[in-house]
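Okay, structure first, notes after.
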């Protein structure tokens, strides 16, 4: 008779589920010596021939396969691996001594269920034994029998034992026969819905459906009512068949909220059975264990002892050999426990003829040694219902240290996480003497993990470990379901990796911001920040008065000040006018400390609002609120000023009044002080909303009369008009009165007359004047204003002044014969900084096409802030060579619309009409004659619909009738008055649904209320690329040079270093491999080359912002399509079934409606968020 010996050890211990015990009487070295003597004695007494296992085939994959390989390597056993086509690049294939492809052309899971192919590989490779691991074929008796028939040792129980214990019905019968309590259940396997319905009818709900021939949570469903049975039965059957090759189910009464306790046992062929005590597996999700604890905490020791004895009794009754797990449900309320199943897996192999006692294992020698805990780190998106995630691991840094063990297979940078198998990434095991210490050690280890490229459940696990309920040691199987706070996840910042992706995107696909003049290369320059003492507090400025005494006292102090004061527009209107509003927070923050310390005499810094708000999100991918708050931190002493477009806030249309109030309240909280409130048509009802909102928020109201025409010559916009308009603003409660000359049309003579008249009419209100220097007369105009009694005048630092910007600060400081609070010696270094910084925005530079001021502005009246934007807009529309004509048409368009006030948004409407006229070769008369036939720009139609308010003198009747096709305008008064309040809570919920892993702040909600699409795009970019505002401006717009080291300061005390190393040519899928160093460690990201991928077929993605755009919840395969095009469905109705990682998900309708288009069919492979269905 042949006998089987394992070399050097009698136990193949590694595949055991972590026992977390100390086998105190049998150390490894001691047992080996004893074993050798026993083997020799057996050989001498029997004359048997011993057959050594020289080669072992592992019929599994992933983490368990690698654990078995390691054990075999330590024992001198060669290993044979098998792998499916989907696992070609998997680590377990390469760690075996030899490995072979099986199941070519088969589904990924089915390849590992192919018994004939596995046996054939074992024979051809001369394998002495096969280890099944867990899952797949580990509990299939026909596999154990096939091994025996082929003369190959099966590392596990005998085939008949596998059959008895792997079949839940037979195992149940054995337990009853052994006198172990069981949960009432079906007498045999259930294979049809009718059989299931019959059992439920006789035993009542709730019930549990379980795969009859497998475990691990696959094929399990809780059914609470009859209407759920059919769908649950179909899904459980399908999952069981996919995972175990047999779809038969077992049904039992569902025990509510039990604790799930398992007992690990070992047995030999001589009837010796011992237990390794119990472990608690109650923390479960979808019936899969999330956390395991040994021993079970806070449970009656007598109950545990009884469970362990029953486990031994049952296994002795069936003659069990090798390792196994006996599982119980413990009903805490009644104190009763029930046997549920045996897992005959995670096997060892005793040498033929040896007993447990022969190797020193006796029950009395096995003692509990402290506590151990195991967490399953999985690639799942918890925020989306634990949907499996797949892709390439870009970064993997595990938590380690004393008392921590890791078991993994695909956990390394560059590994590909397959969508076809279990989502396990890594098992983390912690061991200490105390349960709470064990939880603390596990938390520390998980917090050290850095996993990038795929989502993981680590944030969720951390919430579990911090839960007081968990730490009390009393969790049951309902723990996760009954504690929704576990799903309030703290997302990883992941800033460095996301920034690397952004840089890679720029290197491969060029700038993500449309460049006005893309052929210009940004010079490699860094503006020098003037030296300042950062440790010194900035001197007190005008803001101190505002903070201490309030807006009214602040206005009085200005009025009583003996000389004219300055507002610096460099940080807003100057760059809007010269550089298309593209100046980034990065460059503003660098110079802000200097401004705080050396320009503290300024009345205000205009740094926010207007076009900067949406441009920050739209083109610079920055949060405008963060810009305001970060500037406020750097400049605590100078009042901040912004533009508020009345009832339009910082938008281009009217909003519900509560949006304006909410915006102003948050702006003050974030650091804004003075609100220049205006309306693009001087429509006072619109302005009054903004003024009241500012007042209630605690800000300073500066109501502005927008200036156009020539006050000395215009019939429409004459002195009487301006005085009457100003009077309305004073009556409405403004703190400061302003004249906003957005096109630079106010000439010195007109300035003296207008400012003098306003000062005389409103002597108790400070007067603030704003103009542009487009014609070159700005300094003269502001000096005339100062002479006429203006209290505040706007200017820009010298290097950012002139042309379409504001007049020069240095020139005004030098020419004003009074102390304006600013010294020329402090202006010069400030100007030097901006002179160099301006070069970083060469792609948007107005001087590329406009070399000097132009007096034709007196004819076309184009606002300075619009001039460069209109130029770049013309370029993008293919009208670059016709800009002179565009300017002429701007004047004509203004006349067509009734000679209106022109400032955003009204100026944009005039510009849209002008470009429309040029593009379609239309004269002024053509527009009037063909109005009813033309498809006007939307903005023009909205203007005549009264959407931005009522212009002075009303709408031109003939053109209005044509544009509106003869119908009446939608609004005849203030538009916002007719709009219902916005539901901010509903908007927040919608945003949270779209961007689940981002924390949606109050400021985000306001941004989305003002600019829904712009915010959605910004939030998506923020989610994907992180804090791109931390990048240098040259890098942001055109990317770094190869091998250039970038130093990025993410926050105080957090600095990272990124160096691009190389960019590979795109592969056949159109992706380029980009190599970086991050803090000295190599990182690799894959970027889709948009040009190279044009001919690559890629499924469209679902649109997160469209409810009826339904995407794949996870990568996988479409199993079933339950609807057809044009079907009318209800919300929540099943549409498709998707399978991935041996789990099935039913895709349901997010809304009620009609199926418009179905983009996939059964059998199609999909990636996460691939578009499945369009509904309407």
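Placed from the backbone N, Cα and C atoms, the Cβ positions cover glycine too.
No curator has checked TrEMBL annotations; they are predicted automatically.
Within the set 27-46, 47-66, the record from TrEMBL flags 27-46 under the feature region 'Disordered'.
Cα distances from residue 740 (Mn(2+) binding site) to the binding-site residues 168, 252, 287, 645 are smallest for 645. Rounded to a whole number, the distance between the Cα atoms of residue 573 (Mn(2+) binding site) and residue 168 (ATP binding site) is 76 Å. Look at the domain 'Lipoyl-binding' (1103-1176): DSSP puts its residues at 0 helix, 38 strand, 36 coil.
Looking only at other Cβ atoms within 10 Å, the busiest spot among the binding-site residues 168, 287, 645, 770 turns out to be 770. For the pair residue 645 (substrate binding site) and residue 252 (ATP binding site), the C-alpha distance works out to 67 angstrom. Residue 252 (ATP binding site) and residue 772 (Mn(2+) binding site) have their C-alpha atoms 81 Å apart, to the nearest angstrom. All protein chains included, residue 904 (substrate binding site) registers 24 other Cβ atoms within 10 Å of its own Cβ. Neighbour counts of Cβ atoms within 10 Å were compared across the binding-site residues 252, 573; the minimum falls on 252. Fewest Cβ neighbours within 10 Å among the binding-site residues 740, 772: that distinction goes to 740. Summary of the ATP site environment: with the site residues 168, 252, 287 set aside, the chain residues having Cβ atoms within 8 Å of the Cβ mean position are 185, 208, 209, 210, 211, 220, 250, 340, 341. For the ATP site listed in the record, the two most distant Cα atoms among 168, 252, 287 lie 16 Å apart.
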